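Pasting a structure below so you can have a look.
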Amino acid sequence: MFRLGAHVSISDGFEAAVEHEVELGGNCGQLFVGSPRGWTISEVDETEANAFRDAADEQDVGLWVIHGTYLINLATPKDDLARKSIDCLQDELDAAATLDIPYYVFHPGAHTGAGEETGIDNVGKRLSDIDVPSGVTLLLENTAGKGTTVGKRLEDLDTMVKTSDYEYGDLGICLDTCHLFAAGYDFTDEAAMGELVDEIDSTVGIENVHYLHLNDSKHPLGSEKDEHEHIGEGKIGEAGFRQFVNHDTLREKPMVLETPKDERGDVWNIEKVTALRTDG
Ligand SMILES: [Zn+2]
Ligand SMILES: [Zn+2]
């Protein structure tokens, strides 16, 4: 079954987040378990977790993913920030396990002057310090490449995984369309889409991509700028999304939207993607 949804808030609680997703027309979704720009995560107790699980089962909203806080930086040369990042990531991962959420995704971080190779190596080594609970896959998200952030090239994500003591299975990949495009990966016509898929397959492997973030880009190909736009309204455009969401190798993977929450909002974007699907 094809899963498509949007990022939703837990400000009314976990159970209500399921309800919010249903109201948007989604059947999968993404959550933060704390403030996206803070270190504190919301404690998840068993009662809340049970209510969330029951609601998700009842409404058939499946394949949830938790998005890590933006402060996490496993690429950093600073030991104290690395420690804080590992602890926070662990707490959020454990929350995913408590909630029976199968995926957790985070941005690898920034090397802040230590050099790209060092940053990538730092991420790989620090992944080994994390205890990935059974039932949860820890996903590395590709980045737009802004400033000193690492993880813009697919081969760099693959290096991080291979540097760690883990293998694909416990670890996996989440691809963000806006970040791919900003990082210079074109997929706006059939030939380019074919090349991108070959590139994915020869680096991280298509089978290790577990989740897709669908966002159009306000900025052109290779701009390294991370600003999301409504589906079809940005520089990727409808043609690009038609290629991406219908490609044989990707079309069955769960997709969530992180498009602007303005007057268009998530309902509009979910309808848009559905209309672009050949099965929509
Ligand atoms: Zn992200
Ligand atoms: Zn982004």
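Backbone N, Cα and C define each Cβ position, glycine as well.
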Just to be sure I read the record right: ASP226, HIS228 are listed as binding Zn(2+) 3 in TrEMBL. Which of HIS107, HIS111, HIS179 is listed for the same site?
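Same Zn(2+) 3 site in TrEMBL: HIS179.
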For the Zn(2+) 2 site that TrEMBL lists with GLU141, HIS213, GLU258, give the additional residue from the candidates ASP91, ASP94, ASP100, ASP176.
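As annotated by TrEMBL, GLU141, HIS213, GLU258 share the Zn(2+) 2 site with ASP176, chosen from ASP91, ASP94, ASP100, ASP176.
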Pick from HIS67, HIS219: which one does TrEMBL list with HIS107, GLU141 for the same Zn(2+) 1 site?
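TrEMBL lists HIS107, GLU141 binding Zn(2+) 1, and from HIS67, HIS219 it also lists HIS67.
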Name, in the order they occur in the sequence, the residues of the same chain whose CB lies under 8 A from the CB of HIS107 (Zn(2+) 1 binding site) and which sit 6 or more residues away.
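Once residues fewer than 6 apart are set aside, HIS107 (Zn(2+) 1 binding site) is near GLY68, TYR70, ILE72, GLU141, THR143, THR149, GLY151.
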Among the binding-site residues listed here, GLU141, ASP176, ASP226, GLU258, which has the most company in the form of other Cβ atoms within 10 Å of its Cβ?
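When each Cβ's neighbours within 10 Å are tallied, ASP176 tops the list.
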Given the Zn(2+) 2 site residues GLU141, ASP176, HIS213, GLU258, which other residues of that chain have a Cβ within 8 Å of the mean position of their Cβ atoms, reported in sequence order?
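In sequence order, the nearby non-listed residues are VAL105, CYS174, LEU175, THR177, CYS178, HIS179, LEU212, ASN215, VAL256.
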Taking the Cβ of HIS213 (Zn(2+) 2 binding site) as the centre, count every other Cβ atom within 10 Å, in any protein chain shown.
24
Cβ distance under 8 Å to HIS179 (Zn(2+) 3 binding site), same chain, sequence separation 6 or more: which residues?
GLU141, ASN142, THR143, ALA144, GLY145, LYS152, HIS213, ASP226
